[in-house]
């Protein structure tokens, strides 16, 4: 009797790497999108921390008046920010090797572009990674679709808006007070509060918060008890169990009596589809509002739209908002010679009819 033994060739290093990358047994799934996501997000995070702590002032307006944003230059957690790239750079791609020196790159706000572009690439890969893991587990792809909403919003304020305005200096600063400054200036220049897409976005965010609170409270109030009265209801459930953990019929009946019958869902799939759809569509509209206003397709202007029989203006909320916008825009302009267009375009008013005499 003859036994034949065949020696099985060991898998190549590349094949083992591919198997490990795409394995769903890893504690954290990596995936092919993760191969790009991990280094880009690590780069963005590392540069952000270093720049937030120690970056020198940046000439954001391109007028040789640098603005300090880091902690070592006198800021705190609230006032600190990564200052956007200089207006002198515009929307040019500005990597380190395009500058004459590292000092010049820092002075012109190079870290902002580095952080933003790596961040956007990283979170885009995170979308792909969500889809990839869902695909390998046999799940449907809607998790990745939902995550496109915040990514679209980030791309709108960090990339689309600077492109539309012609300079990365118009992008949103990476900091708390910088975000608020961006919001105020955006309102002053584009009247975002009167843009219908932004209004839909507000409805999406606040409505999503309301629906989330309603759903969570209804579920936790209608749990199916699997334990005795002397034991916590939480002990009656196992992670991944097939049985329902709450009684949707009871929740539906409660809410139907609280509001009216057709205000509640009696189908779990349609309920959760609605809970996912509402905020996602709202944030999509918010991203579209910023993207359209990037090219100066601004909010509605109803200024001085109500007049009396004598032609005198009756101020409405739109006029009050317009006055606030003008005030914010004036405060924003750091150049005395660079007035906002809507202030500089009207006829000049004489403030002195006689030149003052200067003695001595």
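Placed from the backbone N, Cα and C atoms, the Cβ positions cover glycine too.
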Swiss-Prot annotation (transmembrane segment) - matching range among 175-196, 197-218, 219-240, 241-262: 197-218
Stated Swiss-Prot location of transmembrane segment, expressed as one of 142-156, 157-171, 292-306: 142-156
Which listed span Swiss-Prot calls transmembrane segment, if the choices are 118-133, 310-325, 326-341, 342-357: 118-133
Which listed span Swiss-Prot calls transmembrane segment, if the choices are 11-28, 29-46: 29-46
Beyond the site residues 215, 264, 265: chain residues whose C-beta lies within 8 Å of the centroid, for quinone: 214, 218, 248, 251, 252, 255, 271, 274
Candidate nearest residue 161 (site 'Tyrosine radical intermediate') in space, where candidates are the recorded positions 126, 190, 264, 265 and distance is Cα-Cα: 190
Same-chain residues at least 6 beyond the ends of the transmembrane segment (118-133) whose Cβ lies under 8 Å from its Cβ atoms: 24, 29, 31-34, 36-37, 40-41, 43-44, 47, 139, 141, 143-144, 147-148, 150-151, 154-155, 158-159
Cβ-based isolation winner (fewest other Cβ atoms within 10 Å) among the recorded positions 126, 161: 126
Integer Cα-Cα distance in angstrom, residue 118 (chlorophyll a ChlzD1 binding site) to residue 198 (chlorophyll a PD1 binding site): 27
Best-contacting stretch, by C-beta pairs under 8 Å, relative to the transmembrane segment (142-156) and drawn from 29-46, 197-218, 274-288: 274-288
